[in-house]
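A.B. asks: Okay, handing you the structure first.
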Amino acid sequence: NDLSLAEETASTINKVMNNIIKHPKEVKYQSLNLSNKAMAARIASFPPAISILKSVGFQSSRENSLTLSSVVSNLAPLTTAQKAIQKWIDQNRYEIQKAARARKDDALAKIKLKEIAEAEAEAARIASEAEDESDEEVDIDEHACT
């Protein structure tokens, strides 16, 4: 549901397609290892992303991998999908940025709450130590001042 995550996924798919369009004969661009940390976070965890890639010719080859056929002769599906994804990104740019800001603000708020909790715990610890020190009996020699 988070548009900023959707935008990351869309941008990643766009980059994958762009690399294939620019280098249609280079095999290294035609295979995606979905076990890779970045690919797992941005593509593998989103079934619609897998569907988009399969719609342009990617196929599941081995476990956690998508591969295009060895020869990419028809770039039309890739360019059409790439243009559609870029259009979606452009049309939703404001909402995407708004969602990214909200996600960043939430992360900062969590950090701030953690800092406040740590400061309160430290203050309570210091107060407890001070209280323990004041509870200690002090031996006073009644004859010391005389």
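Cβ from N, Cα, C; glycine included.
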A.B. asks: Would you mind telling me which of 9-31, 124-146 TrEMBL tags as region 'Disordered'?
C.D. replies: 124-146
A.B. asks: What average pLDDT is reported by the model for the domain 'PUB' (7-65)?
C.D. replies: 90
